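Data first, discussion second: the structure below is written as structure tokens.
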Amino acid sequence: SAGAMIPAVKLSPAAFSVTNQRSKSAFVPSVSILNMKKFASCSLRPLYLTRLDDPHTSELKPRRQLLDFRCAASAADDKESKAEVVPASSEVAQKLKISIYFATWWALNVIFNIYNKKVLNAFPYPWLTSTLSLACGSAMMLFSWVTCLVEAPKTDLDFWKALFPVAVAHTIGHVAATVSMSKVAVSFTHIIKSAEPAFSVLVSRFILGESFPMPVYLSLLPIIGGCGLAAATELNFNMIGFMGAMISNLAFVFRNIFSKRGMKGKSVSGMNYYACLSIMSLVILTPFAIAMEGPQMWAAGWQKALADVGPNVLWWIGAQSVFYHLYNQVSYMSLDQISPLTFSIGNTMKRISVIVSSIIIFRTPVRPVNALGAAIAIFGTFLYSQVSFY
């Protein structure tokens, strides 16, 4: 109406401040509303801004602050601002985690091979030794599940059906490798086992019908040539030891193939997957171990081991069994965190550490040409890991 008016609004610079609005609630713009009598009688006056040097606003001068403006991201940067950015600290933590996995994996594998060879030298029964390794790991994981230290996997009948061929191949490969190490030096077994990529390519090519790029086939030449040179110049060559390592290579290739085909869509962690694999392999292996060696041979061998070595052999058996499970468990846990290429390179470096450490600890005599063959085979394995994933 004609008697109404708009109140005058006095704004201080604090009204334009963008930041710290909550902490500066005392600087909210003061609104001076005329009393109701004047409000009703005065004529309509326009909205105006009062200067800070006005006498009526002199009390606000001590509260004067500089205008604080901050630039916001433009619309063009909106997509980048929404993009997922991995903090540098998280990337460093992930690399550190993988490094710890690798160092633990290699160290446990070296320790296992040392104690395994000690046991086999004093108690040469590889079938029982292999069975004890699986039994120890199975018992450790069952205890972890029962006590809820590790969450038990959710499995069904289809899972165990898919796992069965993997367990058969794993059992054969495990026993064959142990038989090999009972007959030859640890270093020689691992030199021959470095030829596993060649078996993988040959099986995939001639049995599964898969083809590979030419660099993959070329990388097999130094692997095969290096292993052949190392075998021909091995001072303590044994045919059973050589064939055991070769059979182990072939079995582990089929284990990997069955695992990739049968376990697709099965959501089981690496730790629990290997635990289930150990349990099923133990069930498969036990009757064969009894048939191949038997309690009578074990009892006689045990008495001889105690007479030759003493009670230390009991500690060696326990150590090799525990470390066998731990190093395999860590390797499967590592595979959950890294790419197959990184895992393959890590596996190659693991063999180098085992070969070198076993030669030093057991003082294995090595000819220069034998060492050259091992180096060529390991280098070929490294080349294969580089070209097979590109």
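Every residue gets a Cβ built from N, Cα and C, even glycine.
Automatic prediction, not curation, is the source of TrEMBL annotations.
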Quick one: which of 187-208, 319-340, 341-362 does TrEMBL have down as transmembrane segment?
341-362
Among 127-150, 239-258, 341-362, the stretch with the most Cβ pairs under 8 Å to the transmembrane segment (270-292) is 127-150
Given the transmembrane segment (341-362), its same-chain partners at Cβ distance under 8 Å and 6+ residues beyond its ends are 98, 102, 105-106, 109-110, 113-114, 117, 185-187, 190-191, 193-194, 331, 334-335, 374, 378, 381-382, 384-386, 388-389
